[in-house]
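> Questions regarding the structure given below will be posed in turn.
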Amino acid sequence: CSDPHDPTNISLLELHLTGIPGLQHLHLWMSIPFCILYLLTLAGNSTLLCLIKADPSLHLPMFLFLSMLAVTDLLMSTSIIPKMLGILWFHSTAISLDACLTQMYFVHAFCVMESGLLVAMAFDRYVAICNPLRYLSILTSPIMAAIGLSALLRAVVFMSPLTFQIRRLPLCSPAVVDHSYCEHMAVLKLACGDAAFSNTYTLSVATYVVSFDSLLIAISYAFVLRAVLSLSSPQARKKAFSTCGSHLCIMALFYIPGLLSMYMERYHQELPPHIQVLLADLYLLIPPAFNPLIYGIRTKQIRDGARRVI
């Protein structure tokens, strides 16, 4: 697969991303919501970080977790959307192999880290509602640092083998990745060698992270809802249900499309490629844009902090 006289064989030091396969004629129109979501991500998460830093009353575990989530969302979005917009606006499809692998590593690592932080935030809500008097004694600064570091280390440990494995695989031309970013399963289709380990490892890690983290989140919110149902005030119950419902909706938008796109990429080749790609884009674009709204602006302490800062 390395014959230099083969006209379809481009040096695999460079790959080409197709954007949204089959919908290239709509790229310009599709770039509009993508760009708006990215601007919302930048504005919302940056504003949230500035507010939490500026107001000492927000230097609590809940808002420190929210700061970690905001930083992760900013980095995850910035690792893919500028290149994605370059493809949609300027047909700038070329990307070096090293840049592609770097993007792949950071995108998937930040996804795993975000999942870990969502678990941490669900645990934070459990402690705050079910053990309010011990809240600050349980979530101390060393515990917060340990939780953040463990989320980061888990992402590094899970994602490093994927990148090293695909770096060692021979890749064949045509060097075209039918995706809008360097998604692991899409890049793996270029492999000439045996990619069974990478396929199995990718699906196993994705299934484990989503299943295990979703289970922990569900358990935390089950305890929260049980505590909420014991409240005597209907208004307090309604507010708590609204908050929990919003959190669970944004989590569903993060977990379900990502897992569906990965399994469809692997097992349902007959589905239109643009459906798979749009699902993969959905779980990377929507949660970072809406997390500041769901977790931040709807929180009374954040609104009060904003008024004090202003």
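Cβ atoms are placed via backbone N, Cα and C, with glycine included.
Found this in TrEMBL, in case it helps:
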DOMAIN    44-295  domain 'G-protein coupled receptors family 1 profile'
TRANSMEM  28-51  transmembrane segment
TRANSMEM  63-85  transmembrane segment
TRANSMEM  105-123  transmembrane segment
TRANSMEM  135-157  transmembrane segment
TRANSMEM  205-228  transmembrane segment
TRANSMEM  240-263  transmembrane segment
TRANSMEM  275-297  transmembrane segment
> Select the range from 105-123, 135-157, 205-228, 275-297 that forms the most Cβ-Cβ pairs under 8 Å with the transmembrane segment (28-51).
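Stretch with maximum Cβ contacts: 275-297.
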> Excluding the flanking five residues on each side, which residues at least 6 beyond the ends of the transmembrane segment (205-228) place their CB within less than 8 Å of a CB in that stretch?
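Distal contacts: 112, 115-116, 118-119, 122-123, 125-126, 129-130, 158, 162, 236-237, 240-241, 244, 247-248, 251, 255, 258-259, 262.
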